[in-house]
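Asker: Encoded as structure tokens, here's the structure I'll be asking about.
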Amino acid sequence: MFRQQAVEGRRQALASVKPGDSAEVRGLNGISPMLRRRLRDLGVAEGSVLTVLRLGPFGGPLTFECAGQHIGIRREEAGRMEVAPL
Amino acid sequence: MNQFALVGNPNTGKTSLFNTLTRSYETVGNWSGVTVEKRVGTLRGRGGRLIDLPGLYSLLPLTPDEGVAARFLMEETPSSILNIVDASQLERNLYLTIQLLECGRPMLIGLNMVDVARSRNIAVDAGALQRELGVPVVPIVARKGTGCAEVLHALGGLEASRSGGFRIDYGPAVEAGAARLAALLSSGGTASASDPRWTALQLLEGNEAVRASLPAAVRPAEVDSILEQTAEELESSGLESDIPSYLRRIRTERIAQICRSALDRSGQRLHTATERIDAIVTHRILGIPLFLALMFLIFKLTFDWLGSLLSDVLDGFISGSLSGAISTALTWLGASPFTHALVVDGIVGGVGGVLVFLPQICILFLLISFIEDSGYMARITLLMDRTMEAVGLSGKAFIPFIIGFGCNVPAIMAARTMEQRKDRLLTTMLVPLMSCSARLPVYALFAGVFFASNRALVVMGLYLLGMVLALALAKLFSRTLLKSEPSLFIVELPPYRMPQPLSLLRMTWEKVKGFLRKAGTIILAGSIIIWFLSNTGPGGVGVDMNESFLASIGGALAGLLKPIGFGTWQAGAALITGFMAKEVVVSTMNIIYQVPDMAGLEHQVAMAFTPLQAFSFIAFILLYIPCLATVGVIRKETASWRWTFFSMGYSLVLAYIVALIIYQGGRLVGLV
């Protein structure tokens, strides 16, 4: 149980992961259902490992890599994706 | 006849394969959502029809283009399926494959992009995949045509075979529910074309399209009660309560199991070249300036460096040798002066006057095709999303905008790939403000006369004007008419690839063919009608042009157009005829001013307009109304006359206001 809490404690938003760092997806419940559906279509679900590639200009989209594919989403939505840094 | 449906995830090369297997030249590109409508072709050498469908991730469609594919599979029940799978993205692609296998139709898998996979050290064992899935798997490289002969051959033997018994056991609760649903369906008495177990599983997954197509004898209440019961049993057996996510989990587990024997990604490398290019072109500071520089380069090439030079050569040929030869031939044939005038002034003047701009249109289409095929298109959406979000649109709306620089009709259809209805509708309304290639001849003519020294800048200014107004109106419309939904943005960035010269030339030719077809139909017919209207009047045939029907039609508008700087019947007539197709504006001017070549027309136009009036006129042409073909496609895509009339109405008002500001404002500051 303590270990569980330790893991919980390390949860953070995808938007706060620095470019070049990797993280594992923990929760997608905060994002809009349509976006969640699209991410699932692309194979991004709880347990997927992502690497943040770069951030767009002026608060523009965040690009990440997952299983060899590159995907861009808005930083606001990335702020609602829960991940655990690796 | 045998029907084969081409099905697969977006951007996996379906249309490339379709083009090779049927000798077609449908547009291909390197982003998700190039194909938005189904296309039918005849298989090379062996008969049978191949249907190219828009890409989809699963049988539950989210966007209208996916809906086209999903509906086709359910309603038209093709005899066999050709499933294209991207070897470098095997896990994600197999999800759709599993749903297709459950349909129970004969199926062949084309394992595409094995070269891309190999270059990234991803090893896919086609034999193992074939054993796991129970259907033939053929490795191919659709872009290069590798393996396409084998696909054709294998399709021939496909008919007889049923798919080899691929089946997932979803556990007692779901299997019992599926069996009860299947029994309910067959008790309905109607023999459905689809496999009952597949239909049952789709119902359990919540597929609305399948549910809507159930025979009337099946009572919805009974379906619901089975669904509820299954959900309860699933929950009480200690598993999830949500059936769709449970099904997804079981399928994903099965895919992982398949991949353990068929896929080796242990040595996988990243797309190093793509990473390096993206580090520059999507750079947070350099990205947008680079994009703008690219657009400027396109205008320079089209209007300055290359296009106008070639156009001058073609003009010399059409107005000189060709017109002369036709004139001589007519005299030799003993044609009457009437026929002579109709052919030389009406047809050669009207159609030839537009064909002169062919080189510029070719160059523009070639450059757009290059952007489409390289993979840069998806990056543009990434760069522009912040701006688009600020006005209430998705960055993905920029793809229709760029396509709209070529032609508004496919651009409006491209709006289908966006997830939100609001994004689609707004984009459909605003695409007509993108300067299409049909408006190019008008700009080229007027800019050549009045702004010769900085032609590319003036034309780019017009393109930017359209773009800026589109963004401003997006803000306005999303605040007032379409408040409900926020926009949505998610984009896949495919690996870059070098467009192949041959495929690039074919894509350009397909688009140019559309322009030539228009020249031979609408522009030709328009020119003949305009010639007649300008040579006949209440006083009979051969009247002075100022007394003609055309003069009275155009003259009716003159009073209205006076405040914006061009209150002549000639301008009024050109605007009315320009609704058919914007190029007809140039045809009309050619006929009205009865000039033998571009130099003559340029002289006449210089007499009729001052520079300020000319600028007001081309800005009005840019904005005033979507052309006839665009109106047709707006009606089709929105399925609403109200939105269609709205698109025409707002653009007329907008054009008038903008032209008024340009002309009256210009006069105030002392321009002429």
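Including glycine, each Cβ sits where the backbone N, Cα and C put it.
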Asker: Between B:165-183, B:203-221, B:317-335, B:564-582, I'd like to know which one TrEMBL lists as transmembrane segment.
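Answerer: Of the candidate stretches, TrEMBL labels B:317-335 as transmembrane segment.
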Asker: For the transmembrane segment (B:457-477), I need the partner stretch with the highest count of C-beta pairs below 8 angstroms, choosing only from B:285-305, B:317-335, B:347-371.
Answerer: B:285-305
Asker: Does the structure show the transmembrane segment (B:641-663) and the transmembrane segment (B:425-451) touching, where I'm treating 3 or more Cβ pairs under 8 angstroms (sequence separation 6 or more) as a contact?
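Answerer: Contact between the transmembrane segment (B:641-663) and the transmembrane segment (B:425-451): present.
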